[in-house]
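Engineer: Here Swiss-Prot flags M1 as N-acetylmethionine, drawing on experimental evidence. Among the features that Swiss-Prot reports, SUMO2 cross-link is placed at K6, K67, with the record citing a large-scale study or a structure entry. Residues or ranges marked as domain 'RRM 1' in Swiss-Prot: 16-93. What Swiss-Prot lists as asymmetric dimethylarginine is R121, and the listing cites experimental evidence. The annotation omega-N-methylarginine is assigned in Swiss-Prot to R174, R287, R323, R343. What Swiss-Prot lists as domain 'RRM 2' is 195-270, and the listing cites sequence analysis. Residues or ranges marked as phosphoserine in Swiss-Prot (evidence: a large-scale study or a structure entry): S216, S298. Taken from Swiss-Prot, the feature phosphotyrosine applies to Y296. Among the features that Swiss-Prot reports, phosphothreonine is placed at T314, with the record citing a large-scale study or a structure entry.
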Amino acid sequence: MDWVMKHNGPNDASDGTVRLRGLPFGCSKEEIVQFFQGLEIVPNGITLTMDYQGRSTGEAFVQFASKEIAENALGKHKERIGHRYIEIFRSSRSEIKGFYDPPRRLLGQRPGPYDRPIGGRGGYYGAGRGSMYDRMRRGGDGYDGGYGGFDDYGGYNNYGYGNDGFDDRMRDGRGMGGHGYGGAGDASSGFHGGHFVHMRGLPFRATENDIANFFSPLNPIRVHIDIGADGRATGEADVEFVTHEDAVAAMSKDKNNMQHRYIELFLNSTPGGGSGMGGSGMGGYGRDGMDNQGGYGSVGRMGMGNNYSGGYGTPDGLGGYGRGGGGSGGYYGQGGMSGGGWRGMY
């Protein structure tokens, strides 16, 4: 508890709100309610944060009925949901609003330092012209209690940018052509295998090259380092491999060290998962078959009416990492009309 108190903001900033970190990426609001069983949460009091592509960040805000209840909630710090231990920090509604005020660079104004041209090197997660937040629906995910988002805003400004060295490694080492990380290659080339390993505990200065070297002699084909709303690395990353077997082999590196940090790995791959460009050209890294609305964050996809459309999709495209609201009509990080690579539906 002393650790929790030292790593939280001043007492007068709290209004009964806490921030959770380390949630399982398929975590639902119902699971959070169960985690805090016996502690009263206000209506519309749970916000599952997403990045601008509609993917879960593994964090959430929970507003309790009083400051006293929120203080009791801090006592559950380091308890588990599923296989993940949960970190809990004191927060406030103003902090939630700060995360979800749409940044100017997403609205077509002056680009920020992490925004890159869609068709150029490093454009993979840079916000393109016309990209928008997927708005969070109040009371979504089928939970009748009405827990929902805050001010209907989407999620973190989760930007990434390419690294020339990693581009060269991918291009030269695998003969893929185009631009490896953030590339503008042909979307039908089979470049996207849909086999991922999620990394947690990275040194905050870790680069794509560091991650590629960590998995040597395996060769990842894509690395995405998570960037938080403050423009800093979160210590997490997603790494794509060509085959399920490569992704499984990469798990042998679980708990190995990178510099002074030991790295936790989580497998997000299934045997036989294919590339995500099937069906009607819907999004991203979806797996298996026509009309798969799943995939890795459903990039560039409009809401198609099913409640669970987000990435790390199972073969039927339901559930998982980053949920989209049923019939929301929102875009999950749509690329510009001239965008290259796999960025999804144009």
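Using N, Cα and C of the backbone, Cβ positions are placed for all residues, glycine too.
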Engineer: Roughly where does the domain 'RRM 1' (16-93) sit in mean pLDDT, to the nearest integer?
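Structural biologist: On average, pLDDT over the domain 'RRM 1' (16-93) sits at 91.
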Engineer: What's the CA to CA span in angstrom from K67 (SUMO2 cross-link) over to S216 (phosphoserine)?
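Structural biologist: Cα-Cα distance, K67 (SUMO2 cross-link) to S216 (phosphoserine): 49 Å.
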Engineer: Starting from each candidate's C-beta and looking 10 angstroms out, tell me which of the recorded positions K67, S216 has the most other C-beta atoms.
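Structural biologist: Comparing the recorded positions K67, S216, the most crowded Cβ belongs to K67.
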Engineer: Per DSSP, what is the helix/strand/coil residue tally across the domain 'RRM 2' (195-270)?
Structural biologist: 17 helix, 30 strand, 29 coil
